[in-house]
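Undergrad: Quick one: this structure, given as structure tokens, is what I'll be asking you about.
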Amino acid sequence: DRQTLVAVLQFLRRSNLRESEEILRREARLLGDDLGGSVATVATSSPGVAAAAAVPPGKGEARGDCGVGPSSRREPREVGSSVSSPSSKITHSGDVSAVVVEDQPDVSAVLSAYNQQGDPTLYEEYYSGLKHFIECSLDCHRAELSQLFYPLFVHMYLELVYNQHESEAKSFFERFHGDQECYYQDDLRVLSSLTKKEHMKGNETMLDFRTSKFVLRISRDSYQLLKRHLQEKQNNQIWNIVQEHLYIDIFDGMPRSKQQIDAMVGSLAGEAKREANKAKVFFGLLKEPEFDVPLDDEDEEGENEEGKPKKKKPKKDNVGSKSKKQDPNAPPQNRIPLPELKDSDKLDKVMNMKEAARRVRLGPECLPSICFYTFLNAYQGLTAVDITDDSSMIVGGFADSTVRVWSVTPKKLRSVKTAADLSLIDKESDDVLERIMDEKTASELKILYGHSGPVYGTSFSPDRNYLLSCSEDGTVRLWSLQTFTCLVGYKGHNYPVWDTQFSPYGYYFVSGGHDRVARLWATDHYQPLRIFAGHLADVTCTRFHPNSNYIATGSADRTIRLWDVLNGNCVRIFTGHKGPIHSLAFSPNGRFLATGATDGRVLLWDIGHGLMVGELKGHTDTIYALRFSRDGEILASGSMDNTVRLWDAVKAFEDLETDDFTTATGHINLPENSQDLLLGTYMTKSTPVVHLHFTRRNLLLAAGAYSSQ
């Protein structure tokens, strides 16, 4: 009996018998950590049954950590509370009920909150009454209160359908669906197909809407006005929905304008709560390791042969001196374990520094040259592209389930010799790395077979020894670029995997998919190390922060989340896009994030303050590629509208208003016009841009497949 269990657990907690409580919880499978992320507003801030407490929503959120099971679709259900809906408030204070984890959300429990029904014929009257009141209120309140239209419309419609008033529901939908904001059209299309109670069982959209409270940010004055109106009219039906299904984040101060609200709304569950973006984020860069001198000596001998002896010496010194200063916003160096640098990595870093010395300084006066790699005759359907950091190889993932790797330098791709041949090689010779390569295998293109579905994401490891690919078949594969064979297939996602990316330090990688979660892996573990659960729809793109301590994920729920790799917590939720997110890019200094979506807008975010700081308009179709130049002066965006656009990132991020008031209330003031940030637009003949990459010297490489239509 669950209630007895809960009572016993509470008794053990009060008596400080932690171990017994843990054992009982394990036996009874009351897994507190397995709360399916912040899908349901369940808090851990109250002294209750260890993290399995469900307290009134809105105090905090329990999110999945590394101990989360394979299914992200788990949602908590409260037991022992007066109403069995996950978002209902628990009336008895002090008493905390436990959360039982089940494989499938119990739909009847989720829907039962729709039981308290009013007179179905009056729903239209209630809604139009409220609409009239809001439209006649003062301008300053009208914009804020208009945010109520959409969530109320959805809940009232669902309530009518659930209580089997089908004709009333239909007429309600037809009368008011045209009043909703244009960016909710896709959701409304799904909603219009739910016309019978039976349709609601197991419908994902339905469950999302029910289990996550829709968040509205409203000033205290506007809220009081609304409350007074609903109480005077005794409009309990609407008041119940507001109490039951909406989370109103009230702030003190001036109401926000229509532009300010429009910039931030549009996601599946409304805006982010202000609390969600308060945690401290270490967005600074880690200190570069300093190299031993012998490595440099060998290097200079090599340089002498080329006849350019003195080029690197001064550069090395100032890089060394610069790296001694620790960035005040950087995470502790050992906050997460990072792999040791191998000698080859150090050589590569030295090469990188030499290249950086010859890097072109970009700016409005000096735009990069763009080299476009067009995939011709790509009848297999190009679905993903990546380019190595040193720009020596390019990989394409295709819809025919192949992964193809090209060399883009005159140096051909070669495999390592067979074991028998390797045993004959003198291991002490200087050119042993050359000798182990089999010249007979040299070619410009290698095709990797192994996936059984379209390949949606590819990523080279920083040391260029490995390649990741993820596919519709639910696996992520790790390929060796020495032997061009598959080393591991990582199975954790049960559904298509849309994106994968290596950490900038190698070893770790992230994947995100249709099962709504992102997973953090290490190349030498079969199981994921962390599961990041919280998105309400597919995780469509993933990116590591340059310091590798954080991961950004973009989703079809139209939000971007930033996750802490150390503990699996969600530390930022960014809302504002009006369509699924398809591209993410961190600025090289780690302070900013740029995101692109199907709405054709690029949004810029200040990670430290958790604020939107810019909006770049110009593209007319989905933005699939974003990349900052190596020094961060220029942001390049590539879109399905067949253009590459270059934006002035320095200007976009200067003079930011991030005072305490803005941070506290989210009153962001975006410049009216982003055209003065646009430095150039470059059309292709008929090639959508799917990938962008700046070489170490700031030449911009772009890639896409020519489409004949």
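Backbone N, Cα and C atoms are what each Cβ position is placed from, and that goes for glycine too.
Whatever TrEMBL says is automated annotation, not expert-curated.
Not my notes, these are from TrEMBL:
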- 51-93: region 'Disordered' (REGION)
- 79-88: compositional bias 'Low complexity' (COMPBIAS)
- 118-246: domain 'TFIID subunit TAF5 NTD2' (DOMAIN)
- 293-304: compositional bias 'Acidic residues' (COMPBIAS)
- 293-345: region 'Disordered' (REGION)
- 316-327: compositional bias 'Basic and acidic residues' (COMPBIAS)
- 375-416: repeat 'WD' (REPEAT)
- 448-483: repeat 'WD' (REPEAT)
- 490-521: repeat 'WD' (REPEAT)
- 532-573: repeat 'WD' (REPEAT)
- 574-607: repeat 'WD' (REPEAT)
- 616-648: repeat 'WD' (REPEAT)
Undergrad: By a Cβ-Cβ criterion of under 8 Å, what residues six or more beyond either terminus of the repeat 'WD' (375-416) are in contact with it?
TA: 348, 351-352, 422, 436-439, 441-460, 462, 464, 467, 469, 471, 473, 479, 481-484, 690-691, 693, 695-696, 699, 701, 703-706
Undergrad: List the helix, strand and coil residue totals of the repeat 'WD' (490-521) as derived from DSSP.
TA: 0 helix, 19 strand, 13 coil
Undergrad: DSSP says what for the repeat 'WD' (532-573): how many helix, strand, coil residues?
TA: 0 helix, 24 strand, 18 coil
Undergrad: With DSSP helix as H/G/I and strand as E/B, how many residues of the repeat 'WD' (375-416) fall in helix, strand and coil?
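TA: Tallying H, G and I as helix, E and B as strand, the rest coil: 0 helix, 20 strand, 22 coil.
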